[in-house]
Amino acid sequence: MSTVEEPLYPIALLIDELKNDDIQLGLNSIRRLSTIARALGEERTRKELIPFLSENNDDDDEVLLAMAEELGVFIPYVGGVEHARVLLAPLETLCTVEETCVRDKAVKSLCRIGSQMKENDLVDWFVPLVKRLAAGEWFTARVSACGLFHIAYPSAPEMLKTELRSIYSQLCQDDMPMVRRSAASNLGKFAATVENAHLKAEIMQIFNNLTQDDQDSVRLLAVEGFAALGKLLEPQDCVAHIIPVIVNFSQDKSWCVRYMVANQLYELCEAVGPQSTRTDLVPAYVRLLRDNEAEVRIAAAGKVTKFSQILSPELATHHILPCVKELSSDSSQHVRSALASVIMGMAPVLGKDKRIQARGTNINYLLWDRTDRRSFHSVVDATIEQLLPIYLSLLKDEFPDVRLNVISKLDQVNQVVGIDLLSQSLLPAIVELAEDRHWRVRLAIIEYIPLLASQLGVGFFDDKLGTLCMQWLQDKVYSIRDAAANNLMRLAEEFGRDWAMEHIIPQVLEMANSPHYLYRMTILCSISILAPVMGSEITCSKLLPVVVNASKDRVANIKFNVAKVLQSLVPIVDKSVSIPIANILDHLFQLVRVVEKTIHPCLVELSEDSDVDVRYFANQGLQSINHATMSS
């Protein structure tokens, strides 16, 4: 929406642009409707601009879409909610056009306006609009009407409510599948506004009719509404009306319908309670996990942790884990990938045993009775004995995405299983991913290295992965080298400055003499990134001499990167920690000597280089030093 400071374009010119054949001119004018409205004033906007827009409905779809969006926030320009009804006419027209995105935007704007209108105006103006659209000869009007009932219904008197429920029921049985699809997708919002007495009698009958529709796409959208309806009903009503439908849907002839059930089944568990979940929903979910269609198994596998969280650990162990084991060796790599992205979350779910409760209440394990101990050990044994082989199998999967998904959630399993049991299989998987021929796979594993470092510990990391991190600095792909440099900084933060000084800095400095200029440039980048973590003392004594030495490189790209790195090091050498007050003056003199005797002369020399880019960045560095000196 335009601001008040925007220039007020001539009104006639803007209206001419609306009528112009040039689409871009018309689009610009529509986007400045608020400018026109402010210039005209509220009364002329109601009497002139809005009627003009109501008649101007033959424009390009892009223009109509912009118009539908602008009108949704137009209430302040027509005089407030008292006159909001004048905006209904142009939006009603837009609700009948063929382009779906225009209709959807018009419906959204009508809902926004309707939610602000006074109750009397809703009854006098909004409800008749909904009825006209619902009775429209062309299906587009009826499709749009379905999305407006939840706004019109709450304010309507009892007789009108009965009529609106009847109209909605007719739309759910419309001859056009597009109308029935719209009615099915909006049923949940409409049902949320209907009284409980009519919910079970009429809305559930509408829902049952939609679930038996001969069009797959209608049944598919009906599935989306079952979770919302289930939350509106009492548990016993939900069991009686929703559960039988869902059980049938889980065996529907259309895989798309089964796919939607697999995606949303876990949401219904809380509404129906533990008994029905155990007797009805768990068998349905198991069927979906073993479905013939890979797409359904993908959806079901992706929700296995969320579904298990609702169940008791024992129930998940006995019913869900066997299916998970089968999916870990599924013929579809996408199923295995979907499983790998969530299966690590099952370890803490199955680990939510009495040990966790005991920690929260300071109950000693030794005080548990024999039954409690047996339950505790059965859960932990299930986690280790059944989940661990699945993790190891996925870590050895031939599809890199599967291995990456397991590694990315490693912290979740470490909470229960412990990293020691995984480490022997983890290392080969990491090494293989680190050397994968696809650079995006190598990039992904680099991003998980800090997570692995925090879970594996410094000892294991030094022995097994330290060399790997340094090898990435000499990868053929720039993105890998750049990510490797950032990875070193994150490792230094994780393990500390002393560790980095012993394991990272010497190897980085050794690579500074690489014969390949791209690798030498990567080392400069690494120094620039590591310097803030290492601090001024190490930067001055170890890193800065390498940068200064690189200024004599024969490659211009190296030299102007030296200038950029030197500029970035100036504020770092000005920082130090825990300096005794008596030594502050000496320290300041030392810093001045570092800048004046090392950094400044190097930049002066580079500023006289034959290469224009080297001179440019060197002068930038000199200006930075001068500015810092003046500020201090």
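Every residue number used here counts from 1 along the chain in the order it is shown.
Cβ coordinates are placed from backbone N, Cα and C, and glycine is handled just like the others.
Annotated in TrEMBL:
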REPEAT    164-202  repeat 'HEAT'
REPEAT    203-241  repeat 'HEAT'
REPEAT    242-280  repeat 'HEAT'
REPEAT    281-319  repeat 'HEAT'
REPEAT    320-357  repeat 'HEAT'
REPEAT    387-425  repeat 'HEAT'
REPEAT    426-464  repeat 'HEAT'
REPEAT    504-542  repeat 'HEAT'
REPEAT    543-578  repeat 'HEAT'
REPEAT    599-632  repeat 'HEAT'
Open item on the list: Below 8 angstroms Cβ to Cβ, which residues of this chain, lying six or more residues outside the repeat 'HEAT' (599-632), approach it?
Closed with: 544, 548, 551, 556, 559-560, 562-564, 566-567, 569-571, 573-574
Open item on the list: Quick check on the repeat 'HEAT' (320-357): DSSP residue counts for helix, strand, coil, in that order please.
Closed with: 28 helix, 0 strand, 10 coil
- [ ] Please indicate, using numbers and ranges, the residues of the same chain that are 6 or more beyond the repeat 'HEAT' (164-202) and have a C-beta under 8 Å from a C-beta there.
- [x] 127, 130-131, 134, 139, 142-147, 149-150, 152-154, 156, 209-210, 213, 215, 217-218, 221-222, 224-225, 228-229, 232-233, 237, 241
